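Trainee: From TrEMBL, for reference:
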BINDING   69-74, 103-107, 127-128, LYS140, LYS149  NAD(+) binding site
BINDING   GLU182, HIS245, HIS261  Zn(2+) binding site
DOMAIN    66-176  domain '3-dehydroquinate synthase N-terminal'
DOMAIN    179-321  domain '3-dehydroquinate synthase C-terminal'
Amino acid sequence: MTSRIRVKGERPYDVVVGAGVLSELPGLLGDDVRTVAVVHPASLPEISRPVCGALESAGYSIVGLPVPDGERAKSVEVAAELWSAFGRYGVTRSDAVVGVGGGATTDLAGFVAATWLRGIKVVQVPTTLLGMVDAAVGGKTGINTPEGKNLVGAFHPPAGVLCDLATLVSVPREDYVAGLAEIIKGGFIADPTILLLIEDDPEGARVPDGRHTRALIERKIQVKADVVGADLRESGMREILNYGHTLAHAIERVENYNMRHGEAVAIGMVYAAELSRLSGHAGMGVVDRTRSILTSVGLPTAYRHEAWPELRDHMRVDKKNRGAKQRFVILDDIGKVTRLEDPAEELLEAAYREIAR
Ligand SMILES: NC(=O)c1ccc[n+]([C@@H]2O[C@H](COP(=O)([O-])OP(=O)(O)OC[C@H]3O[C@@H](n4cnc5c(N)ncnc54)[C@H](O)[C@@H]3O)[C@@H](O)[C@H]2O)c1
Ligand SMILES: O=C(O)C(=O)C[C@@H](O)[C@H](O)[C@H](O)COP(=O)(O)O
Ligand SMILES: [Zn+2]
């Protein structure tokens, strides 16, 4: 069975979820496209092979572009190598990029598509849980710099997103579970049924053939589609998708991008929940539920106490900040999102003490 979630906006597109979705690739690329640059992790040729096969059968000329695995792909050096390859292979404005892989790969593929010739078509083929429910949807593309996470990027919506659920079978368990953090985020900010489904079967949530897996994936994609369809460029509402990310990105930076994004987001959500409580917004119930649901699926909820000064420094480059004003996405309650503007240093530190170990 295939399902289709529409993302509205200037150039609407579908996120297609199911088996056999690659058959939709030629239809999304269209007849004008001649050359397709397939960006994929070098370590996973088996995940790009079916994509190249589908393109070959449809008569496209394929340029396979292997990139480093995971987060190491999101650098200006790797982006520059891809731009050079596009030049060498003569990728034109009527050609296209296909990003195949986890969220790191689709972020990079989207970014080079957004910047090459000021923007060419991209189709995303996410192959991790996190990629399907979050990274490949919504047109936020980007790379990291030494100063911080995703500091360089562009909003560049894909022409379509194809989620072949069969690819999830080979995703390492830790990476799969990390993807659950973004699904749980969707539960706290917009769709509490997500939380109920995970609480009903936490063990099942950890595996691709769990009882509620498909519902969890589709519900989180729907949350993301609703938000980015209304606010592509993050002029307001889209900020809610950044729940838990202010601390998460600082942790990733401190870890030199060696911690999984989803794991950092899990810790960041406990921090955001504590900040919500200590600032008088949310009750203890939200905090307790955050800790218990993350723990039930095996995600982390605490971080090193001595890291606070370094984390605090990195939080100052968060994209939601305005001038010297630090801004956080917090909760009044589950499904009720608000902002905390310019909180006192003591409050930020007090919330960190609650998650420090
Ligand atoms: N653009 C957005 O809106 C957005 C949203 C959320 C996260 N992100 C970004 O996404 C990235 C995290 O994505 P991720 O969790 O997918 O990590 P990832 O891309 O690093 O992939 C995790 C690991 O799984 C491997 N892998 C991918 N598909 C596989 C498969 N089918 N079988 C076996 N192994 C496979 C990858 O090579 C990698 O080693 C971060 O860079 C984060 O910033 C972006
Ligand atoms: O799509 C969004 O908007 C998000 O914030 C989703 C996040 O899960 C994602 O990690 C995103 O890349 C973070 O964006 P950033 O602008 O804070 O880098
Ligand atoms: Zn995220």
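In case you wondered, yes, glycine gets a Cβ from its N, Cα and C as well.
Locate each feature and note its surroundings.
Mentor: Secondary structure from DSSP puts LYS149 (NAD(+) binding site) in a beta strand. Proximity of LYS149 (NAD(+) binding site) to non-local residues of its own chain (separation of 6 or more, Cβ distance below 8 Å) is seen for HIS249, GLU252, ARG253, TYR257, given in sequence order.
Spatially close to HIS245 (Zn(2+) binding site) yet at least six residues away along the chain are VAL265, GLY268, ASP318, VAL329, judged by Cβ distances under 8 angstroms. Taken residue by residue with DSSP, HIS245 (Zn(2+) binding site) is part of a helix.
Mean pLDDT of the predicted structure over the domain '3-dehydroquinate synthase N-terminal' (66-176): 98.
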Trainee: Listed binding-site residues: GLU71, ALA73, THR105, THR128, HIS245. Which have a CB under 6 angstroms from an atom of ligand 2?
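Mentor: Result: HIS245.
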Trainee: Under DSSP, the domain '3-dehydroquinate synthase N-terminal' (66-176) has how many residues in helix, strand and coil?
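Mentor: Its residues fall into 51 helix, 33 strand, 27 coil.
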Trainee: Taking 8 Å from the centroid of the Cβ atoms of GLU182, HIS245, HIS261 as the cut-off, which other residues in that chain fall inside it around the Zn(2+) site?
Mentor: LEU130, ASP134, ALA181, LYS185, GLY244, ALA248, GLY262, ALA264, VAL265, GLY268
Trainee: Between THR105 (NAD(+) binding site) and HIS261 (Zn(2+) binding site), how far is it from one CA atom to the other, in Å?
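Mentor: The separation of the Cα atoms works out to 13 Å.
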